[in-house]
């Protein structure tokens, strides 16, 4: 499409030379450069200079010499009519052949097919090289190529195919090559049957018919034109986008033939016939259906099927429409020009576009004008457009808002160094707040978020919204839609649908100008803006301002605002799509407005008058008011207020009594003279013909002192240093819990805490609170009065019972800079951060936590819950009961088809299937093969059962981008069943950041929180971290729809019947925890998900304990272990619920629950089958069941005897059936050592083999359990097994079993080898994922009922697998270089943590940095420091930058700063990081990024590593002691934790002080 601007015909925009040069600057690896006159596209032999500019390090342009200084080259890509015969001369002109060829017809048009066509092109190059080397003697290039062709059949074939080119370039070729045939041969005669040899990789062969279309030069009218089609029928049919062009062929070309070639290039064709065309292809040809050669009119119908669609949601893409309709056709050699004058979208296709989400009606509402006929929004552009600094910019806003409504950034205003966004936006906010308070009216601001990088746009937008706070709706987002492209508009539309999207079209005139006969008109441009979602667009002033335009441009306004509107060629029905509001600017002032409104017919537009406001003689306030009066004067004249007078006279009459409009006459006298003849006499003006404009006295701005703030005097601190007993400061036992809750300003946390021997309880508790908030182990000189106001306070202790309660001010916790939301990682960093490794604390564990309502509202909470599942299942929204689900077993090892078959089998009787937590994108079961099988199974099961089905897909990954890619792929595959899909996130191993990724990016999906691995912290054995109760409670706060809660002692995992309180806390609106009552204030529930050894027999007692059955069951063995298969297993579980309900209702009289269930089973075969399958459970729970059910068989039956042959009934959806062998593994209780242990394996061989990750554990079985049997069960749960044999295991599955290869029961040592194929891989790039390694190695095995404890003490990664991880991108060497110490042995980097860790405000923080940097090298944020309200990042980081700059200048040495970017939301992390780098400017490399890797999870570390590889990645491990402490026999050691940090890419990690400091450790 570039030809619309770069064509020599077009005297606007830039040339093709400039366009391609810019591509190298912004990072293109290659760009299409045309063929320099040697192909079919426009061009000239001198265009070789384009190639030199792209590839050389120094190159001359038409005017300038450019030195590229080692910047990599951009490779020319040549295409457009090129074939083997044209190449030699092209290379000779260019001087080399180091280019990329993309020959369409040159390959697929070759008479012998694409293989020979490709070879012929390579031979074209070879022939030129040999001629150049003198191989053929002193002959012409033409003769040399012919000589080569004599012995090379493919090049010879090119002569026979492209004979016109041969005749022109190689005269006499026929005689030289001995060719005596016809002058034309049938092209595209490639025998497609040959492709059958490749059946293995392309699937079954397709019979193809030979093309019957003769090669008729470029006349393709027989295929690409059908003048019998009528526009009426095409519109009625609704399957085509219609486009009307003004098109002129080059001299000598037939109009219809050229039009058909135009349509061909715009759809399925090219300049020759090609062998790949088949019958279907022709069904999507674009067709010329109307031509008028005399008036150069041409209309083309494009089938909507031609256009690309999103893979994520099926929406339409405007870039695809434009790529076809004004793409390659803009540079065709036979077309003089072609420009779109109108375009029609059929309703069905139009609905696939976004359309506007907001419009002027939303502005009127904010301005208090209602929603109908709100009239003119009086706005301005801050002038000068560049050069104002932040305070003057804010003052200018304040001045205008005294009388006006709306201010926009001028399109180039953004984040210039002299007016940075983080300094300017706060000034705008202050001005808006002050103006609204003073005028009592709403005000509006349009902030420019345009950027090259969508991430930057999003970061800007979020920063602005955060600054705007409660005034966020008053903020529009301006996007320079022409220069940044439609992608930028879509970024704004889809990420911020609540904001008015202000489309600025600066630069459009390069294409739309009437002078330009390419591209599209301004009418078309603005029409497209409505389609893609602009709320408002600049439309020009229809000849009433200074820009190009015409009074007839009012049709643009009608097309943008009406629901049915006529364009030059087509009537468009918008079907209720919201309007796009015209924005008028460019020389407009109060005097020009009345006639503009009269031409348009209304005033429902937005005005942005720069000079019209700031040029007014009395200042911007009066300028704004004068514009509003211009509208009012027109309305009164229109209503007949001034009688039968001209509009001109009516406006003058109004001005007599309105000083501001009168002032506009005195200011803009030339306009007045032209539009209002005789105005001076009528207004009694006798002065000079011109007055001094814009004489506004800026001193008046001082009246606005209230909004810019007064200076603050700071007092010196009088706090003496008092060793470690900080109880006088960090404890206040007079505080009552009742008052703290009533006050609503504190998060309350209840701990079980024990000091080390010899330490005072209160003193230790106070030190704990100090380390958790503003203090440390000594008093520091930087503490001031404010700091103490945010101290955490111990308000209750009970040393005897080891109870301690701390109140944390909510102001302590970090907030998003993007939207002000709260962050759970900040809560955890403080409440279980460094306090988990304190030298005076034996242990400290959270047993309850209370969130005050005002703070709780800042968290997401769930967006979906079980109610949404019930609705899909057809059960209404109240009391829908048990959702019967399963986990596909084996958890790993199934390939895609068996996986789909297993889903289908279960869905015959069940509701819900979840991926097991390690299932993802393993090489043996890749997501792009597995998910389609799941979709087929779901569709078939829904059709057969007539009931909705649900699937929970695992999207967990280290990288949030990978998570989002997975989720979007899955939704795309699910299509109309997307709502049936939940997203599973391994929230413990991947961290809360991963949960937030899912919650905020996919709020319509049920968010399934899997907690595998949590037992490493929550286990009752572990006296650090938090309890399972707290863990699940926090899941509701951060937005989980459902979370695994254990089975309350009724399954195989750890737990207790009293765990039902977890369920109450998750589902009730008011619930009591061990210490606090939590009021949820209507926050949606988080549904308990129960799994782990559950089956139909265990369910009734579970429901009776809980009191209801409104939970989700995921029974693996309970379904797939059922003797009759998963369908009957699922039904049996539903019957387990039903039997409990009937017993509860008294159906079976006054009998025990046990007897009631047995009674039900007598008449229900599936539940009866559960008794026969799970006999040990039956014996334990239902004594005497055999007699009651009349069972006289053996005491055990073969489990999993499901007959897989039944699956063949589903052949339609699973494809060909696969023969399956019956399992020969006998059920040996939990002894799986015959399968999951092989003690003959040697470590040496395993390492040599390189296919296993080896993990060394200290593991102790529960009393009475065999060591090897327990170890094998541990390996089974960590890979492909479960607690029973299941019917889905096949031969392949066993090849990826984890194997115990060494045990030493006496020393409790166990080693397991995990095949690397077990671990999940990214779908985006195939990289490995640490969360997958941890999910298996310390996942469910951390809560097994037969394991007392199991902890990783070492881990080995084989080289081939290790290479799939990131590893560090930077290290201390990079720091030494900045510090001027070289790259070897640079020694100690002397750093500090700014203390107090919390409580310093920005200026004291910067002063503290400056003081340290006088002698030191490196400063880090303490891990909780972020964006607290008292020390916001946008105020603090500039102080750090000033301090760093000053210190570097004074000391002459580099300085380093590590900024904390940790957040729950990866988008927030990226926004913080980009903001900081922007502030750092040329000192960006001096900045490291700190991530709280333990509390935020490895996902957060990966966000930093992959998005900012040039920054030192500083891994803070606060909180790790909850797992790594020697006291804790679960999880992993500190050694393993730090080792893993290197694998995932940390540049540095806190390692403790090896006993030489205050934290735990050893030499």
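Backbone N, Cα and C atoms are what each Cβ position is placed from, and that goes for glycine too.
Taken verbatim from Swiss-Prot:
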BINDING   32, 79, 328, 385, 505, 538, 585, 834, 891, 1011, 1044, 1091, 1340, 1397, 1517, 1550  substrate binding site
SITE      40  site 'Transition state stabilizer'
ACT_SITE  383  active site, proton acceptor
MOD_RES   408  N6-carboxylysine
BINDING   408, 410, 411, 914, 916, 917, 1420, 1422, 1423  Mg(2+) binding site
ACT_SITE  504  active site, proton acceptor
SITE      546  site 'Transition state stabilizer'
ACT_SITE  889  active site, proton acceptor
MOD_RES   914  N6-carboxylysine
ACT_SITE  1010  active site, proton acceptor
SITE      1052  site 'Transition state stabilizer'
ACT_SITE  1395  active site, proton acceptor
MOD_RES   1420  N6-carboxylysine
ACT_SITE  1516  active site, proton acceptor
SITE      1558  site 'Transition state stabilizer'
Cα-Cα distance linking residue 1420 (Mg(2+) binding site) and residue 1395 (active site, proton acceptor), given in Å to the nearest integer: 10
Cβ-Cβ neighbours of residue 916 (Mg(2+) binding site) (radius 10 Å): 25
Cα-Cα distance linking residue 1423 (Mg(2+) binding site) and residue 1516 (active site, proton acceptor), given in Å to the nearest integer: 7
Within 10 angstroms of residue 1044 (substrate binding site), Cα basis - recorded positions out of 889, 1010, 1423: 1010
Residue with minimal Cβ packing [other Cβ atoms within 10 Å] among the recorded positions 32, 504, 505, 914, 1044: 32
Fewest other C-beta atoms within 10 angstroms, as judged across 328, 585, 1340, which are the binding-site residues: 328
Position of peak Cβ density within 10 Å, selected from the recorded positions 1010, 1420, 1517: 1010
Of 383, 411, 889, 916, 1423, i.e. the recorded positions, those within 10 Å of residue 505 (substrate binding site) when Cα atoms are compared: 411
When distances run from the Cα of residue 1420 (Mg(2+) binding site) to each of the recorded positions 328, 408, 914, 1340, 1517, the nearest one: 1517
Close recorded positions near residue 504 (active site, proton acceptor), where close means Cα within 10 Å, chosen from 328, 411, 585, 889, 1010, 1340: 411
Rounded distance in angstrom between the Cα atoms of residue 914 (N6-carboxylysine) and residue 889 (active site, proton acceptor): 10
Where residue 916 (Mg(2+) binding site) falls in three-state DSSP terms: coil
Recorded positions clustered about residue 1010 (active site, proton acceptor) [Cα within 10 Å; pool: 383, 411, 916, 1517]: 916
Residue 916 (Mg(2+) binding site) and residue 1340 (substrate binding site), Cα-Cα, nearest whole angstrom: 10
DSSP state at residue 1420 (Mg(2+) binding site), helix/strand/coil: strand
Candidate binding-site residues 328, 585, 916, 1423, 1517, pick with smallest Cα gap to residue 408 (N6-carboxylysine): 585
Assigned conformation of residue 504 (active site, proton acceptor) - DSSP reduced to three states: strand
Fewest other Cβ within 10 angstroms of its own Cβ, chosen from the recorded positions 383, 408, 889, 1395, 1516: 383
Entry from the binding-site residues list 411, 1423 having the most other CB atoms no farther than 10 A: 1423
Residue 32 (substrate binding site) to residue 889 (active site, proton acceptor) - Cα separation in whole Å: 52
Candidate binding-site residues 411, 585, 1423, 1517, pick with smallest Cα gap to residue 889 (active site, proton acceptor): 1517
Distance [Cα-Cα, Å, rounded] between residue 1423 (Mg(2+) binding site) and residue 328 (substrate binding site): 54
